[in-house]
């Protein structure tokens with residue numbers, strides 16, 4: 001019996017859910033070349049505008065000269081280089097925690113943390129809109145797995161009453177497709193009241209949130225006692241690649257011993273850690289980046305309201321324009337692209353059925369003129385949305 005892959009692919013295409021990879025032919029930034037076309041992009045996660053920063057590039061080059069271009073082995077063999085260790089110490093300082101542990105990417109950090117902490121006989125409770133990596137981690141952990149209603153503390157508490165064994169409450173800090181933030185103070189209170197631990201994946205909060213860019217935990221003034229497990233990624237606001245988990249001495253040592261995605265993989269290039277150390281320095285010292293980004297977010301929301309666009313309740317750089325139908329979302333994305341703007345249409349299964357959207361993301365590298373151009377073009381294109389649309393998707 002053969003695998004009928006063609007039928008699956010045809011069904012996805014017919015539902016306007018077929019995904020294709022745009023080919024980036026320039027460095028990351030607001031001005032890009034995609035599939036040969038110059039475009040103004042509003043769809044990357046380089047929130048602080050550091051992915052193509054000359055000082056970060058120079059740090060990578062110097063790191064490669066000093067340390068070479070490969071990690072060479074896993075961290076537990078001979079792949080844990082001095083730059084890796086220095087970056088872990090810097091990330092621990094940023095988060096105000098005793099230790100931090102580097103992972104190769106955010107998916108591996110989430111999978112490693114959850115599966116190392118809970119298993120059969122334990123409980124994982126997750127927000128239903130968590131990132132796919134967190135949901136996969138919960139399912140793969142072998143623990144009793146349940147999802148509570150989005151940002152709904154009462155729904156969480158009802159599930160906490162039925163939890164068994166060690167219980168891990170897991171949430172995004174900033175929800176990647178909606179842009180809203182978790183009610184961490186309430187989640188922390190509920191978890192602590194039942195003796196559960198709270199784990200936060202703050203992939204999209206580091207950089208934009210907090211007085212020093214230390215994310216949602218800093219934003220709310222919470223402690224390690226409130227949020228014992230804190231995850232961050234380095235491929236967004238830090239402008240490089242990788243991820244980390246920050247927490248207590250015991251937590252990090254537990255992950256080193258039991259987190260299989262950490263143990264059984266080659267370390268990242270040491271030069272990458274050198275680059276990230278530089279971007280971390282810029283993130284902590286160049287506060288104008290957060291201030292400028294905040295102004296751009298406010299500008300976009302004011303303008304979108306005047307146009308009559310339906311936005312989500314978000315004060316973060318993630319500003320989704322709700323469309324509903326996947327075909328209509330693709331059509332609006334195509335209309336913008338024809339006018340030189342790149343904004344990705346997000347469709348199921350990434351978001352729930354009937355909630356397709358254009359996911360606008362803003363960066364400190366954008367200018368006020370860039371945002372105004374986006375608003376002007378949206379005002380032109382939105383009335384055209386109900387015209388016949390192409391069945392060929394152009395983005396994810």
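Glycine is no exception: its Cβ is also placed from the backbone N, Cα and C atoms.
Since the structure is predicted, the reported quantities are computational estimates derived from the model, not experimental observations.
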In Swiss-Prot, the residues 106, 107, 176, 204 are said to bind pyridoxal 5'-phosphate. Which of 95, 123, 233 is said to bind at that same site? 233
When you average the Cβ positions of 106, 107, 176, 204, 233 for the pyridoxal 5'-phosphate site, which other residues in that chain have a Cβ within 8 Å of that mean position? 110, 131, 133, 201, 203, 235, 236, 243
Which has the fewest other Cβ atoms within 10 Å: 176, 233, 350, the binding-site residues listed? 350
Winner by Cβ contact number (other Cβ atoms within 10 Å) across the recorded positions 131, 236: 236
Running the binding-site residues 19, 131, 350 through a 10 angstrom C-alpha radius around residue 107 (pyridoxal 5'-phosphate binding site) leaves 131
Between residue 236 (N6-(pyridoxal phosphate)lysine) and residue 204 (pyridoxal 5'-phosphate binding site), what C-alpha distance do you get in Å? 7
Using a 10 Å radius around its CB, how many other CB atoms surround residue 107 (pyridoxal 5'-phosphate binding site)? 18
